[in-house]
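Trainee: Please find one structure pasted underneath; my questions will follow.
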Amino acid sequence: MNRSGKFIRIAQDRLILLGVILGIVFWILESFMHAYFFPSQFSNMSMEIFNPGAHEIWMRLTVFTMFILFGTYAQKIIVALRKAEEVAQLANTELSQIFDTSADGMRVVDKEFNVLRANKTFCTLVGLARDEIVGKKCYEVFKGPRCNTSKCPMIRIQAGEERLEQDEIKTCENNKEVPCIVTATPFRNHEGKLIGIVEDFKDISERKNTEEELRHSHERLRDLAQHQEMIREKERSRIAREIHDELGQTLTVLKMDIHWLARRFPENNVVIQEKIKTMTTHVDNTVHQVQKLCSELRPGVLDDLGLSAAIEWQANEFRDRMGITFDLTSEPEDITLEGTLSTAIFRIFQETLTNIARHSGATRVEIALTDNDDGVTLTVRDNGTGITEEQILSSKSLGLIGMRERVNSLTGTFSINGTENKGTVITINIPVQSRKDNDTNSSC
């Protein structure tokens, strides 16, 4: 049969012709039977064929018509069945082509876990020929951690689930591991009865390799950022120490010389004594500025008394400078951390206070510092205007970006949330493992 239906039309005409022939044969046979079994002087074979009685004509025409109609109806049924078969074969061919040419590995598994069918991609994926796959148990050909467990796709679909999609690492015959996205759907017969499942395996090895490379890159960048921050803090400490030792000593000597001069001039020389007082005041102010600069570069209290004391000192400085009150809780009361961890937390705290002073309009700040088995947690809450989501996500929020990068370099977590006219909450947590890593790094 071609698509125009030409062969079907010829076959249909032949069946109608067959009906006509059968009708003629019946007419002749009926004439013979009537002439043979019911002979009369007014009837013979020729007359029965060409000039039968009215009753015979009616009966023979009825049967003749029935033959033709039956042949036509039978042919229509046959043609319809052939068309349905052709459509089914075409659909099956198309489905087979789709199945075999799919970019993903696919297989059909029955309820007894036997592989009924596998496409070319699946054969390539597992490295086996099709006849080495079909007929075997599914968990023997491409096994995974969910095989023979309650998480098996076959078991879950038999339990009523309609579609499953999950990441899984499957193992080939040569023990090669293949990361896949496994999708399983029910396989039903024409009555809708479940007879198995269709599994689709999308090989994501390349994606996993890319993700692994990105993860290594992020780790290297994190280590580099942490190393740069450590170098920066060391340089700050060195500069603060040199300023304190060199400039501080020079200013001390200068002040001593001024006092020496004051004793050499008579007290009644008002002009000289006033000038000496002015010089002494300038030196004292310079000493104060040097001490402040050294504290900003590297607070001595952080090294001498620990993180809790340093945060309290910084909060007091903030209150005196900005007029914003604070409430500090520390659990335990004295928290002292080793390595770069205390410096990182302290710098984040400083940046948080800077943001509060610049943007929040707050009048009060609550500070909570805890150290337990889960790690070190710092929470800073203000009663200001509240940061917006747009500000949090803005690429111009360099302070937030810097804080987040510091925390990420320590494999910690950073969160910030704002409520309009109720304030902002910043929480950082550094896990215990990061503390151990920093202790090791600081001792190297």
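Yeah, the Cβs are placed from backbone N, Cα and C, and that goes for glycine too.
Automatic prediction, not curation, is the source of TrEMBL annotations.
Residues or ranges marked as transmembrane segment by TrEMBL: 15-37, 57-74. Positions annotated as domain 'PAS' by TrEMBL: 91-136. Under the heading domain 'PAC', TrEMBL lists 158-216. Among the features that TrEMBL reports, domain 'Histidine kinase' is placed at 242-434.
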Trainee: When the pLDDT values for the domain 'PAC' (158-216) are averaged, what is the result?
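Mentor: Per the prediction, mean pLDDT sits at 89 for the domain 'PAC' (158-216).
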Trainee: For the domain 'PAS' (91-136), jot down how many residues DSSP puts in helix, in strand and in coil.
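Mentor: Reading the DSSP string over the domain 'PAS' (91-136) gives 21 helix, 11 strand, 14 coil.
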Trainee: In the domain 'PAC' (158-216), how many residues does DSSP call helix, how many strand, and how many coil?
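Mentor: Looking at the domain 'PAC' (158-216) with DSSP, the answer is 13 helix, 30 strand, 16 coil.
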